[in-house]
Structures are given as structure tokens and as C-alpha cells.
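Notes follow once the structure below has been shown.
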């Protein structure tokens with residue numbers, strides 16, 4: 001009797017969801033980014049397949065563009081990327097949960113908490129895991145002070161601000177660098193990333209390298225300065241936007257999207273504005289490091305080169321050098337080749353990243369070709 | 001008292017207004033109901049939420065299929081069989097389960113599923129975490145409904161020599177049926193909006209995925225979570241639209257629950 | 001009768017006819033079918049016990065080694081530095097304070113308002129309105145917590161920030177209201193208010209069911225003695241529903257303590273080593289939000305253990321709160337019988 005209605009309800013629900021399943025579509029019109037089908041990668045498209053990646057949120061916008069244009073080119077393929085954080089990416093990679101990891105620092109070769117990251121990854125892979133530098137971008141020191149359109153900071157002053165030693169905008173040390181600018185007497189409100197983040201690590205690496213006297217704590221993913229924590233880059237950027245007197249560090253694209261002021265950095269050779277050109281200059285000075293195809297990009301944070309913007313961040317894609325599954329390896333190679341191609345890299349410039357220098361790109365290409 | 005009531009309505013209307021005004025326009029586009037987000041970046045408009053809607057429904061349904069038998073049987077035990085210390089213990093454990101924070105449920109299943117067994121993070125793992133959250137809701141509401149079944153019905157059945165289990169299956173459960181369904185649907189509504197365990201167990205994907213046992217399964221809460229930290233307008237619009245879709249889905253379930261309850265409420 | 005929150009009062013009251021349902025094995029016949037069905041029901045109950053024990057055991061198993069390695073007092077330290085496995089230093093004091101502060105603020109708002117709404121629905125509202133009104137308040141429970149989070153951060157907090165600044169300026173001399181330098185209103189107070197909205201339907205649903213059960217003889221007796229409506233509520237309805245309201249508040253508190261995603265989204269976190277303040281205008285992290293903020297980076301057993309230990313405290317906290325609710329309900333049951 002009535003009990004049969006339970007079956008009825010259940011089957012209606014089941015049929016409903018199956019019907020929904022049937023009419024969904026994965027095909028979205030390729031937009032402007034789909035026009036790059038002339039790229040060389042198109043010739044060797046794998047037939048379908050899915051690739052899962054996870055890690056750095058700094059490269060989210062870059063890899064999303066690359067995925068979008070790759071999927072337009074190679075119909076039937078699916079690449080997923082979850083921007084949960086560099087540490088999470090490495091952890092899920094070594095646990096065999098994802099096919100590649102995105103990380104703002106290369107796998108560590110020294111022991112930490114009884115684990116050597118590169119060994120753990122190699123153990124999972126059954127072969128060495130390679131770091132492939134793929135996305136470089138500047139970290140913008142972004143601020144929101146009414147009437148101050150141009151702000152110059154030296155590493156020392158920046159370190160003092162972020163360490164909570166300089167607390168008002170009209171502090172003598174800031175005024176000295178910015179003669180002619182009327183600085184208000186309001187307090188400086190520092191915002192930092194409350195989640196553990198590769199951006200924090202790279203920014204503190206810069207502070208430690210360029211101003212070792214002012215910044216005394218060790219660089220790391222967890223913020224050890226002062227201030228107020230917000231979640232993710234969008235959180236800190238949004239907070240600065242809404243707070244008079246706020247300052248933070250965030251990827252360039254977030255500073256641009258929120259229309260924040262971006263400080264010029266004076267590493268010792270005069271103030272450098274953050275532009276595609278000044279970033280390109282610093283990135284091209286970066287040297288490829290590492291053994292064989294396991295590449296690391298060595299950045300000179302303390303660079304005194306004129307016109308080079310020194311606060312940079314590199315995101316690596318971490319992959320097994322010998323894949324476990326031939327189809328997945330083919331897809332990984334095709335996708336990474338597309339990502340590293342000159343076309344894709346050039347397209348990243350307009351969304352706040354910098355293309356890899358050609359010298360590095362050639363090495364990355366060679367490493368991708370050597371994946372098996 | 002009128003004041004208190006109106007005060008309670010303010011946040012409700014405010015939330016609904018915010019969500020509808022900021023995300024409503026996307027729902028009017030048929031693409032929202034037919035397409036996934038595949039190939040759509042935070043900068044681009046377009047795409048839909050069908051992948052996430054499907055994921056949410058499939059996971060919700062699977063969670064219900066597992067939770068309902070456990071929950072209903074536990075409630076039957078508590079009302080029809082249980083006396084003494086075991087029943088007290090079960091009842092207390094159900095209370096504790098009600099209080100298990102959702103993030104702890106997620107951590108627990110992660111440790112079990114990924115760390116201990118070495119499986120992939122698939123849709124089914126999410127369902128297991130949600131089961132932990134849904135079972136107590138089902139037990140409590142079913143218990144309540146079973147207690148409302150008049151004893152005369154049971155006594156009449158026993159007098160006719162009907163075995164106890166048959167009495168429960170043929171008399172007690174059908175009488176309480178609509179109430180049980182209501183409870184199940186309300187529990188389902190609760191777990192479908194759950195986000196915290198999904199952060200740990202259910203990575204997002206922009207493509208349609210309907211296999212519970214392989215691949216990443218997108219859901220509406222993870223879709224919201226993925227883009228909620230974006231400041232670009234197309235992504236922001238989608239966040240509100242996905243929030244509205246999720247609220248509508250849950251409302252629909254609540255409504256269905258109420259209609260079923262009204263149609264066949266326990267006759268006294 | 002069922003509420004959207006899934007919370008039940010059925011076990012508070014005997015059946016509608018004021019008698020217990022038939023229970024025990026008195027009616028069992030010992031036949032195979034009965035033994036199987038009864039066994040299955042018992043099995044489900046035992047499964048639930050096993051499940052909860054397993055969750056508890058898992059938490060202990062992961063947390064105890066880390067707590068044993070802890071170089072500072074786990075309960076009274078404010079430090080949280082778990083990156084170095086050989087020098088684990090973590091304590092829950094700050095997390096405990098933030099968790100309790102946001103939940104208390106939530107309760108202080110949700111309980112009075114929830115009870116008032118329940119009284120409105122059961123005693124004051126015209127008959128045609130009481131059911132729709134109840135349904136409307138229940139709708140608040142249909143809004144997922146992540147939506148509360150983004151609405152709270154992007155819409156609610158900006159609107160209420162001026163109010164908060166005003167409070168800071170006028171009451172700043174009092175430690176609870178001193179300015180802690182958190183900008184943009186992402187404070188303990190604001191999270192507390194959002195939590196209050198989230199748990200309001202739980203308080204309302206449960207209270208209104210208890211109030212509706214007030215024996216007519218009590219209410220009419222009070223009115224017959226010349227009591228006004230409010231006096232009648234005070235002497236008849238509220239005393240009758242007191243225990244129900246307390247248990248409703250406890251269940252709501254349990255929910256507020258464990259709320260994760262909304263708190264994570266709204267509340268600003270503090271830098272390590274910030275000065276201690278009692279201010280509700282401060283930021284901070286609750287147990288759940290600290291776990292959520294760091295869940296992505298659990299990369300070593302010691303570190304994971306530290307966070308799970310925080311989860312364990314949260315588990316115990318909700319356990320205690322629920323146990324209190326249960327004891328109150330049991331007492332009331334005894335009182336009614």
C-alpha cells in the first residue's frame with residue numbers, strides 16, 4: 001500500500017536526475033582565447049582523457065587560461081585544476097591523488113618534519129619527480145592611501161612596515177623616500193594571507209634576501225609578521241580596497257583587478273615601477289638551476305639592476321619523469337607543451353603574469369619532451 | 001512580539017534579495033541549466049551550472065540511499081524495541097553525531113578513505129562524510145513520527161496475531177510514512193548545502209562528471225567556493241547565481257517535504 | 001510537526017495520548033522474522049554507536065601523539081607553531097576564547113529573538129498567519145552556510161561597519177569593546193550576529209513546539225484569574241517551556257560551535273604573537289575555522305595531529321553541550337510524568 005509510494009518517490013527522483021544528466025553539455029563556445037589554434041601543440045592532440053592538477057592559487061588565472069585554450073584545441077580532453085595551495089598540491093601529488101601539482105616553490109630536497117618532499121614524490125612516482133617552472137609573475141605591494149598615487153619603498157622600509165615597526169603613513173622613513181608626496185598621518189593597516197601560501201613564502205624570501213637586517217624571521221608559507229589575516233589573494237586585495245591606509249602583498253592581477261595603488265620598489269638602483277617590461281627584465285635575469293631536466297628557477301631578489309622589478313614568484317608544475325599510465329603521460333606532455341608555448345606564455349602578460357624567458361623556455365620544452 | 005518576528009524576517013529577505021539581485025539574471029539564461037563551466041575562466045562570461053547541479057543531486061541521492069535505512073532502522077529500534085542501557089547509549093550517540101562538526105566528519109573520512117585505504121578522492125567519499133551528518137537528522141525525525149503512531153493500531157495488529165515485525169512494516173511505517181519522508185527530505189536539504197567536508201574530500205571540476213567512483217565530482221557548494229575569492233565580475237556573478245541555484249534546490253526539497261506531509265499526515 | 005532543522009521534541013513528551021508506545025520485547029513473538037527484523041534494528045543502533053566510537057577513537061589516535069609532543073601547555077598556551085615537528089608548540093586558549101565568544105554572542109541574540117518569535121507564532125499571531133510565519137522563519141534554515149558566509153562578508157558586514165565604529169568610539173573604554181585595530185568589520189561581533197541568524201530557526205522551531213504543548217488548563221486558568229496575555233505567558237507558557245528552550249539553545253549552541261565555512265569566510269585572523277585582548281572587535285580563529293584555513297597543508301603527521309587535537313576539543317565541547325541538553329530534557333520528562 002503506502003509503502004509503494006516510497007518506491008514511487010525514489011524512482012521519480014532517480015528518473016529526474018538521470019534526465020538532468022542526459023541533457024547537460026560540456027561544450028561552451030570558445031571565446032577570444034580559443035583563437036590560438038595555430039599553435040604547434042594542436043598537431044599532436046591526444047584523444048580525450050582527463051588530467052587532474054592541484055596546488056598553487058597564484059597561478060590560478062594563468063592555468064585557467066591555458067586549460068581553456070588547450071581544451072578548445074584538443075576537443076574531448078578535460079583538465080581540472082584546484083587552486084587549494086602549494087602545500088596541498090604537493091601533498092595530494094605524493095598521495096597519488098592528482099596527476100600534477102602546482103607549487104610556488106620547488107620540491108624541497110632537505111628534510112622537514114621527517115619528510116623530504118622530493119624523495120616522497122619520487123617514491124610515489126617510482127622515478128624522480130621533476131619541477132618545471134611554468135608561470136612567473138610579480139608580487140605587487142598594493143596599498144590604498146587617499147591622494148597618494150605614487151609610493152616608493154625600499155626593501156628595508158617595506159620590511160619594517162610588514163613587521164609592524166613602521167606604523168603610520170607619515171613616518172619619517174617613508175617620507176624620506178617620497179619627497180613631494182603628502183602622506184597622511186593615519187595608521188598603516190597591514191593585511192596578510194591567513195591561509196598558508198606560496199605567495200607569503202616568496203614575499204618573505206624577498207624581504208629576507210633584500211633586507212636581512214629589517215626582516216629577521218625565516219621565510220615560510222605561514223605569515224610571521226604583523227597585521228590582520230584575510231583568506232586568499234582576493235581576500236587581502238579586497239580588504240585593502242575597502243580599508244583606507246591598508247597595504248598588502250598580492251599577485252599583480254589581484255592588485256589590477258581591484259584598482260589598488262602599487263608601490264615602486266627601490267632595491268638600490270632607483271625606484272622601479274611594476275610594468276610588464278620591468279618584470280620581464282627581472283625574469284630574464286633569472287637563471288635556470290637544478291640537475292638535468294629537474295629545473296629550478298633561481299631568482300636574484302636583491303638584484304641591483306636598474307629597471308628590474310625584484311619581487312617575483314615562480315610557479316612550478318611538478319610531474320613524474322616516468323608516468324604510470326601512458327595515456328596520461330601523453331596528455332600531460334601535450335598540455336604542458338601547450339602551456340609552455342610562446343603563444344600561451346605571451347597571452348599571460350595581459351592578465352598580470354610574465355612570459356618565461358626564452359632561455360628557460362627552451363629548457364622546459366626539452367624537459368617536457370623527455371617525459372616518458 | 002510582532003517586532004521580533006519582523007526582525008527575524010529582515011535577514012531572510014535581505015539574503016534572498018542579495019542573491020536574487022546579484023545572481024538572478026544568470027538563471028534566466030537557458031545556458032545556465034544546460035551547460036557546464038568547461039573552458040570558462042574567471043574572465044569570461046557564459047557557461048552554466050549543470051555539472052554542479054548534477055553532482056549535488058547525485059551525491060545527495062546517494063547519501064540519502066545510505067542514510068535512510070540506517071536512520072530509519074535505528075529509530076525503529078529506539079521506539080519499538082529499545083529499552084534499557086543499550087537504547088540509552090544509542091540515543092546518546094545519536095545526539096553526539098548531531099554535534100559532530102562537519103569539518104571533523106570530513107577529516108575523519110579523509111583519514112579513512114585516503115590515508116588508510118589509499119583510495120582517490122571521489123564523489124562517494126563525500127557521500128560517506130555526508131552520511132555522518134544526515135543519519136542523526138533522519139533518526140530524530142523518524143523517531144518523532146513513530147512515536148505519533150497511536151498504540152491502538154499496534155495493539156489491534158497484535159490482537160490479530162500479526163508478528164511484531166510485520167506490524168511495524170505493514171502498519172506502523174505506512175502510518176508514519178509521510179512524516180518520515182518529510183524528515184528525510186529535510187535532512188537531505190541540510191547535507192546538500194554542506195561545504196566544509198567537500199573542501200577536504202571533493203575537489204571541484206568544471207566539467208560534467210557523473211561517476212561516483214572515479215574522477216572529480218563538482219557540486220554547487222564547491223562551485224561557489226572555487227570562485228568566491230575572485231574579484232572579476234563574471235566570476236562574482238556566477239558565485240551569486242550558484243548560491244541562488246543551491247537555495248532554490250533546497251527550497252524545492254523543503255517544499256516537496258511539506259506537500260508530502262500535508263497530503264498524508266498521520267491520522268489521529 | 002517536524003521542523004526544518006530536524007530537531008525533535010518527541011522524546012521529551014510521552015505520546016499524544018499521554019502513554020508510552022509499546023516497547024520492549026514484550027510484544028515480540030520469538031519467530032524468525034521477528035528475530036531478524038529486531039536484530040536488524042538493533043544492528044543499526046549498534047552501528048551508530050560503533051560509528052561515533054570510531055570517530056572518537058580516530059580523533060584520539062591522531063591527536064594524542066601530537067599533544068604528548070607538545071612543548072607548551074595544550075590547554076593554556078596561546079602559541080600555535082606546528083611547522084617544526086621536533087619543536088611543536090601549540091595551545092588552544094585563543095581558539096577556545098574565539099569559539100566561545102562568537103557562539104555566546106550568537107546565543108545572546110538568537111535565544112531571546114527566537115523565543116519571542118516562537119511566542120509570536122504560538123500566542124500572538126492570528127491563526128491564518130501562524131503557519132506561514134513559522135514556515136518563513138524555517139526558510140532561514142534552507143540557506144546553506146557558505147551563502148551566509150559570502151553574504152555576511154560582502155553585504156552584511158559593510159553595512160554594519162559604521163554601527164560597529166560608533167560602538168567602538170562610545171564604549172571603547174570597556175575592555176570588551178576596545179578597538180583592536182581590525183578593519184572593515186570582520187570581527188568576532190559580526191560573526192556572532194551572522195551565527196545568530198543561522199541558528200535562529202533551530203531555536204524558534206523547537207521553542208514553538210514546546211510552547212504549543214502548554215496545557216490549555218494552565219493558560220485558561222491564568223486568564224480566568226484575570227491575568228493579561230503577557231502575564232499568562234509569564235506564569236503559564238514560559239515556565240512550562242523553560243526546559244525546552246534550554247535544550248533548544250544547547251542544540252543551537254552545538255551548531256554554532258562547529259560552524260566552519262561561514263566563520264572562515266568572514267572572520268579576520270590575527271598574526272602570530274598578537275597582543276591578547278578581550279575585545280569583541282578583534283579577529284581570531286575558531287577551532288573549526290583554523291582547521292579549515294590550514295586543511296590544505298596537512299603535510300606531516302605531527303602537524304596534522306595538532307590540528308586534529310583542536311578538532312578533538314571541539315568534539316568534546318559539542319559533546320558536553322549536547323549532554324547538558326539531554327540531561328535537561330530527561331529531567332523535564334521526569335517532571336511531566
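Backbone N, Cα and C define each Cβ position, glycine as well.
According to TrEMBL, the feature region 'Disordered' maps to A:26-58. Residues or ranges marked as compositional bias 'Low complexity' in TrEMBL: A:26-44. Taken from TrEMBL, the feature domain 'PBP' covers A:45-342. Feature annotation from TrEMBL assigns phosphate binding site to A:56, A:57, A:58, A:86, A:104, A:197, A:198, A:199.
Structure coloured by features recorded in TrEMBL.
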residue : record                 : DSSP class
A:56    : phosphate binding site : coil
A:86    : phosphate binding site : helix
A:104   : phosphate binding site : coil
A:197   : phosphate binding site : coil
Whose Cβ, among the binding-site residues A:56, A:57, A:197, A:199, has more other Cβ atoms within 10 Å than any of the rest? A:56
So for residue A:86 (phosphate binding site), how many other CB atoms are inside 10 Å of its CB? 31
Which residues does residue A:58 (phosphate binding site) neighbour through Cβ under 8 Å, counting only same-chain ones at least six apart? A:104, A:135, A:137, A:197, A:198, A:199, A:233, A:251, A:313, A:315
Given the phosphate site residues A:56, A:57, A:58, A:86, A:104, A:197, A:198, A:199, which other residues of that chain have a Cβ within 8 Å of the mean position of their Cβ atoms, reported in sequence order? A:55, A:59, A:85, A:103, A:200, A:201, A:202, A:313, A:315
If you draw a 10 Å sphere on the Cβ of residue A:198 (phosphate binding site), how many other Cβ atoms land inside? 26
